[in-house]
Structures are given as C-alpha cells and as structure tokens.
Amino acid sequence: MGKTSEVRARRLDSLTGMRFVAAGMVFLSHIATGGTFASGSETAQALHTVTKTASTVGVSFFFLLSGFVLTWSARPGDTYGGFLRRRLVKIYPNHLFTFCLAMVLFAAAATPPGTAVLHLLLLQAWSSDPSVYLGVNGVSWSLSCELLFYALFPLLLPLVRRIRAARLWWWAGGVAAAVMLLPVVAQLLPATPAIPATGAALDGVSFDRLWFLYIFPLSRLLDFALGMLMARIVLSGRWIRLSAGRSALLALAGYVLGIFTPMVFTIDAVTVVPLALLVASLAHADDAGSGTPMANRPMLRLGEASFAFYLVHGIVLTYLRELIGHERELTPAQGVLFALSALAVSLVLALAMHRWIESPAVRRWGRVRPVPPPASGGGPSGTPGSDASGEQVGRGGGNTSAPV
C-alpha cells in the first residue's frame, strides 16, 4: 500500500520527465495537421491516422497532472493570494513573451483588439469562436483552463480532503464517468458547421461540439478534479497493485483505441482513465523510491522546459511554414527535414525561455513565503509542484525553479 501519511517530501521526477512526452505528442499532432506533407499523400494520411489521439492525450495529461501535483504538494497555512501569485508567475511571463512573439511575426494584422485582450487576460477559451480561442498563439487556450483550475483549487481542496479514504475510488470513478458522458451531452449542440479538417480525425465534428469537449474550461475541470482525487488515493495509501509499466501499456491501449473511435470520444472519454492511472502510478513509483525511465537527467531537463516548448512550438511551425510558403507541398524527405528543423528551433527557444524568462521570474516573485502554523485544520492551497507548468514536486519548500 505504501506510505499512508498525506505528507510527502520526495520529488516526483517521473512526472516532470513525462511532461515532455506529452508536449511532444502535441507537437507531432500539429506536424500532422499543419500541412507539413502533401495533402492526400500516403505519408500525410498515415500520419493523420497515427497522431489522431496525440494532441488530445497530451492536453488531458497536462490537466490531470495539474490537479494531481497541486494536491500532492499542498501546504497547510498557505494563502489564496500567495497561491495564485506563484501560479501566475509560473505561467504568465512565458505566455506574455510568446503572445508578443506571435503578434510580431504573423498575428498582428489578423487579430482584432478584443481577441488580443482576451488572450492577454487568459480568457480566450470561454469564447466558442475558434478565431478567438485559436487566435494569436493557438495553444495558449489551455492556459485559460489552467487559470480556472488555479482560481478554484483552494476551494476544491478542502472538499476533496473531506472524502473518506475508503470512498476515494468511488469518487474518482464518478468523475471519470462524468467525463465519458460529455460526448453524449455534446450531441445537444449543433452538428453544423463541421470543421474542415486536413485529415479524417475531425470529420463530422462541429465547431461547437469540439469547443465544448476540448476547449471549454468547465468541461476540462473534470480532468483537473480527477487528478486531485488520484493524488489523494496515492497519498492515503489506497493505491492498487498497478505498476508504472502496466499503466503505460494501458495508456497506449487507450491511445490506439482513440484512433478508431469517433472524435467526440477520442478527445477525452476513451483515454481519461488510463491517463489518470498512469499519472498516479508514476507518482507512486517515485514516492516508493523505485523510479522510472522518465526520471533520468535528460528527461528532467526536457521536462523542465516543456511548458516553454509547448507554448513556442506552434509559433515556430507557423512561421517556418510561412517562410517556405503554405502553398508549397513538401516531399516526405522535405517534410521530415521541416519537422526536425522545427523541433530543433523549438527546443532551443524553449530552453532559452526557461533559463532567461521563466526561472528568473519564479526566483524573483514565485518563492513560497513563510507562513505561521494554522491554529487548526489546513490551508486550502498548494506549494508549487510539477503541474502543467512543470515545477518539481516536493514538500517543505522544495525546488520551485522548474517549468502548464
């Protein structure tokens, strides 16, 4: 069963390393859907098929991870304002930099002032208009969801902590079931207009249904809540005998299943349970001291820069495609060269952003300030952890200089 105390000091390095894998899956998805290879070619069709589940799995993993690590590293006596300050310091400098970079390179002429304001305030995902939530730096819509998670976490944590340990699995199952029901609820939304997808992945999915299932912050709050529950399951010693390796195989099976299911189910419903088990099993392995291949030094370095990589890679792909011409169809060899070049540029920029933007901001404004012990009970919020923004997870003022 492992440790039963709901206090931990060990860092969850496997989750930090796994963050780069999730960000890499989003990158691969955007390579497939960005017209890198000649439309209709065998290479393009094969890539569309194989990566159909990639972006959705990566994003769901990030949202589950946020709920998990914030719950794991929550510290008594923290204040609501202090918690929000640390989270915003973690995500906003990189967001502001990539917003400005996208505007300078290609987005300014096509971005209305209202859309720009929504992006600056991280409110773009509340709009169902794709020109809004995918505007400027399209991937930053997920930060809209994270902002809601951060605002609600101090209110949700006391409720999650009140759940008796014996009932945690029932609650986790209930939240997972709610995620699986969302595609059914989405059928109440208009079926048209449908998305003009490059490949078959989004065929038949309307803009409204995609927004509700994939973008809408309240829908994605369920992933975050499930992550919180999985953290309490591990912390309370209720984890089952499921190794990280077997959880990874289950996650792979969910990924493959998502390739063959309608997109409304692929988005989250068919992968949420395997991903929740994967997050918890990786944390349990690290907490028990056994570790995983995700915890090696190179993966940790990449994981720490993965938030910056996630935010900058779409800008790199868009700008490089503009340089060579959107109308130009690439051969398979040229497409591979383009993808590798974009990967290299994105990695260099991400490492630079982590070193010179993100880490200095966290050192200056994101430190945990000492708080007096509470008279009773516990504070509602958490110390920095390795959530979607990639901080190392630990208790007692652990490493706060790592990268949503």
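All residue numbers here begin at 1 and follow the chain in the order shown.
Backbone N, Cα and C atoms are what each Cβ position is placed from, and that goes for glycine too.
TrEMBL entries are annotated by machine, without manual review.
Bear in mind that the values here come from a model prediction, so they are computed numbers and not experimental data.
Positions annotated as domain 'Acyltransferase 3' by TrEMBL: 14-350. Annotated transmembrane segment per TrEMBL: 20-41, 53-74, 95-122, 134-156, 168-191, 211-235, 247-267, 307-324, 336-357, in sequence order. The feature region 'Disordered' is assigned by TrEMBL to 367-404. If you look up TrEMBL, you'll see 393-404 marked as compositional bias 'Gly residues'.
Contact between the transmembrane segment (95-122) and the transmembrane segment (307-324) is present: at least three CB pairs lie under 8 Å, with pairs separated by 6 or more positions in sequence. Same-chain residues lying 6+ beyond the ends of the transmembrane segment (211-235) with a Cβ under 8 Å from its Cβ atoms: 2, 5-6, 8, 56, 59-60, 63-72, 125-126, 128, 130, 133, 141, 144-145, 147-149, 152-153, 156-157, 160-161, 163, 165, 168-169, 171-172, 175-176, 178-179, 182-183, 185-186, 189, 264, 267-268, 272, 276-277, 279-280, 283-284, 287.
Comparison of 20-41, 247-267, 307-324, 336-357 by number of C-beta pairs under 8 angstroms to the transmembrane segment (134-156) places 307-324 first.
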